[in-house]
Amino acid sequence: MFGVVKFVCTFIYILFIVDSFGRRKAFMCSSTVCSLCFWYIGAYIKVNDPTQPGVEAGPGGTAAIVMMYIWIASFILAWSGGPFVVGSEVFDQNIRSFVQAINAAVSWIPIFIMSRFTSDMIRSMGYGIYFLFASLAVLSVPFVYFCIPETKGLALEDMDRLFNKNIAPRLAHSIVLKEARRGAEASMKEHHGLFKTDTNKFDEHSHDENFMKFNTDKV
């Protein structure tokens, strides 16, 4: 069931979220939901430890299991593929392959480490491990808000301007997008003006030919 949730959420992210909802909003919303899920699970285990004899899971335990599924769904809907999307957009094409390799390594090495040591951490920290993960998820929200610019709807040629030192990352997207639209409108007007000039020249040339033909026929 866990794998089915991840599979479905991956397609939802690709088809509906990444380009319509945006990267920044998806990251921050995902981190918030993940944090809330971990806070609940940690609090439940602290209050009603299911490993103790005679303790039944009850509705609270069922809710904790549901929170695990909500956590993995919210994680997949942003943080699973989102870093690879942003990494493929913001870096120059000359180093993009190298950066994506580093991105994959930075992503998978911690996952391997956590998979190896999480069981030991749960035994030693108990419910505290969930509070730790919840705190890390909370810290990622201001990091995204202040450090990661939105890339939705921008061409690869506009990415360098997102990281202008004089523009705050949280404001860069709207500023660069307006500049890109103004540039596109100016280019269209210029192109339309040239086309109109060429059309006028064509009309004048056709008029002269018709006038000469009329005079020749008249003679």
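Cβ atoms here come from the backbone N, Cα and C positions, even for glycine.
Pulled from TrEMBL, these are the features on record:
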{"type": "DOMAIN", "residues": "1-152", "note": "domain 'Major facilitator superfamily (MFS) profile'"}
{"type": "TRANSMEM", "residues": "26-45", "note": "transmembrane segment"}
{"type": "TRANSMEM", "residues": "65-86", "note": "transmembrane segment"}
{"type": "TRANSMEM", "residues": "98-117", "note": "transmembrane segment"}
{"type": "TRANSMEM", "residues": "129-148", "note": "transmembrane segment"}
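Residues of the same chain lying 6 or more positions beyond the ends of the transmembrane segment (65-86) and with a Cβ under 8 Å from any Cβ of it are 1-2, 5-6, 9-10, 12-14, 17-18, 23, 26-27, 29-31, 33-34, 37-38, 40-41, 100, 103-104, 107, 148, 151. Looking at the domain 'Major facilitator superfamily (MFS) profile' (1-152) alone, the prediction's average pLDDT is 90.
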